[in-house]
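This structure is in structure tokens; I'll ask about it shortly.
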Amino acid sequence: WHPARWVPAWRAPCASGVGPALSQRRPAASGNGSVGKNSLYVSEYFSQSAQKLSFYSWYGNAKLFHFHVPEDTVLLRWLLQASRGKGPECTSMEITVHFRHGAPPVINPLGTRFPANATVRPSYNISITLSSAVQNTTFVNVTTPAAGDWFIAAHLPQAAGRIEVKGFSTPCPYMFQADMFVLRLTDMPVLEPGVPMPHTVVSPAKVFVPKHAAAMRFQLSSCVTSEQRACTVRVLLGSITLPQSFQRSLTCTGSTNCSLALESPPWEKWLQIMVESLGTANASVSVEMLASFTGGIPCSSGIREGPEGALCVLCPPWVFGVPVSSLAPTLLLLNLNTGMDSGGSLVVSLLLNKVSRGTNALAHHSTLLFSAFSQGYPLSVSTSSAEATLIVLYPQTDDWFLSLQLLCPRAQGGCAGAEGRVSVFAYLTPCFNDCGPYGQCSLLRRHGFLYAGCSCKAGWGGWSCTDDSKAQTVGTQNLATLLLTLSNLMFLPAIAVAVYRFYLVEASVYTYTMFFSTFYHACDQPGVAVLCIMDYDTLQYCDFLGSVVSIWVTILCMARLKKILKYVLFVLGTLLIAMSLQLDRRGVWNMMGPCLFALLIMVTAWVHHGAKRRHCYPSSWKRWVFYLLPGITLAFIAISVYAFMETNENYYYTHSIWHVLVACSVAFLLPPRDKHKKPWAWPQKLTCRYQICQNDREELYAVT
């Protein structure tokens, strides 16, 4: 195969998981495509199972795919397959796919602000449109990709914010699957530093960058063509790592020498070298390559004396602070190549301590600390302050470097020869600042890879919930808490009616529901107005249980069953409802199932009563007009608000309306008490069985 143009003529059977599904061996080609005698091209196929996409509201909605690209890969091809359902609810949709090497992509589909002092490298992304076609297949090619971990994240557009009732509506399924094809060269020719090597154009080679190398110089010479024409070639040095690339290019014309300098090359890495002919396609081109490195200062435990501009490297641990100077930058090494450190945030705090020049102390306000933070080699974010915090979101798995140097304003006369110490505190955290007071840090997992994301509340947004552009005010948060909690007091009329009509079990259930609904919503608030009297999950379960059981006992009470049968159904239904809520707390059938079954029992009982009495039941038109119809109307309005009108923005008042409507409907629907029984009149059987009797026989014998 020609390494610069790879069109696979096969398709391996799709397998779940990650791993090579097929390998092909190609012998060394002649001419332009020749490689070493022992070199051959190997093609491999990796696949992962498809995932159902979600609309984006936070990072947890993005579906992550994790692949590992082997060493000496010369061509990488992604096969991206997107599909949607065939139902009428499925419409045209745009899918966004992000790529990144070394760590999960840092994305910002909502356009929110990142934390201050955060290092943000936007990911490389493409869009896939599903319009009239049910399926879309897209290929993405990457030549000379960097070896190691690669990540793909896919998601749908921004979520609409509507609260969906699980099971009430069927959303359209949008599926996405990523497969990876790689073409790698075994026994790739190695360019030894300082040793010229003849090389054939198009066949790749590689060179190893030693540790602590300050610069690399690549030289190309002796360009010869088979047609005796002017030699024009292009040299690509390095690998592609999306979104940014460390690859450098050089175009050489003629037989003269040309060179390429690479400052601060990535240490202890293999750099691929690809030489391409820009002349006649059929001509054979050969060149001579030479690579050399300068630098090579090993890490030490203190500042070394040297010429101005020299680089001093300090290895951890740094005891009693890091020594810094104004003569040369100090370079700190942070090792993040364990493979599991890229799913969180890297935070580095800097504090400049005592600064002196000779025996004289310098004031902190007249001395600046310059720092640069980077991955792979020393270059990137900079700050000038005596105190700073640097944040890297999803740091790539690699060696990171922190360079420090003292600088002084020219107005203060400079600070030549000044020295000091910097307190450096570096740590990894799942979420920076634990997502703040308006966010929740959640750990996510994909095929054993752990990463974290912030889910923001109360209108806050951003990567770490620090964007307050749409945040709710404290007054709005207090209003939301008061509405959602105090609206439950509308159960008091229903409780009073139940007690007055001697429905004590029903009144107990309504009291239970009012209590736990009040404190669940007090604990469920996203802002500062929060009160949790017990575990959140316990409060939520009790609230859901009380709501469904309240509906269950109300409808059964309307059925006018015999007491023994009614109470048996009360207990049995409550046990079954508790079991179903434990299985699926938010399923719509956990509420609709008991309601429909209770309605069936009620209708059956009413038909039986009507047939027995030979007229409609309930027989009173006043009962229908003033109680049943208003109660049923309120119940239907409440269900409509709950199922179709609630969104994340209007939840606090639409759900409060749901509380009021349900509580009022219960007060209307409870049946009247027995006409022959006074309120709170105790049955005769429950009164004392002993009574004072008149002894007629004794009085008879007393007569004289």
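Using N, Cα and C of the backbone, Cβ positions are placed for all residues, glycine too.
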Of CYS441, CYS456, which cysteine does TrEMBL list as the disulfide partner of CYS465?
CYS456
Who are the long-range neighbours of the transmembrane segment (651-670) in its own chain, taking Cβ under 8 Å and residues 6 or more past its ends?
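Distant Cβ neighbours of the transmembrane segment (651-670) are 163, 479-480, 483-484, 487-488, 490-491, 493-494, 497-498, 501, 503, 506, 510, 517, 521, 547, 550, 554, 557-558, 627-628, 630-632, 634-635, 637-638, 641-642, 645.
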Would you list the DSSP helix, strand and coil counts for the residues of the domain 'EGF-like' (427-466)?
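Each residue of the domain 'EGF-like' (427-466) counted once, the result is 4 helix, 20 strand, 16 coil.
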What is the separation, in Å, between the Cα atoms of CYS456 (disulfide bond) and CYS431 (disulfide bond)?
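Cα to Cα, CYS456 (disulfide bond) and CYS431 (disulfide bond) are separated by 12 Å.
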I need to check the long-range neighbours of the transmembrane segment (624-645): which residues 6 or more away from its ends have a CB within less than 8 Å of a CB in the stretch?
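Residues 165, 168, 618, 654-655, 657-658, 661-662, 664-669 contact the transmembrane segment (624-645) from elsewhere in the chain.
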Identify, in sequence order, the residues in the chain of CYS441 (disulfide bond) that are 6 or more apart from it along the sequence and have a CB within less than 8 Å of its CB; answer 'none' if there are none.
PRO430, CYS431, ASP434, CYS435, ALA452, GLY453, CYS454
May I ask which residues of the same chain, at least 6 positions away in sequence, place their Cβ under 8 angstroms from the Cβ of CYS465 (disulfide bond)?
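CYS465 (disulfide bond) has long-range Cβ partners CYS435, GLY436, TYR438, GLY439, CYS454, CYS456, LYS457.
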Can you give the mean pLDDT for the domain 'EGF-like' (427-466), rounded to a whole number?
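Here the predicted model's pLDDT, averaged over the domain 'EGF-like' (427-466), is 90.
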At a 10 Å cut-off from the C-beta of CYS456 (disulfide bond), count the other C-beta atoms across all protein chains.
24
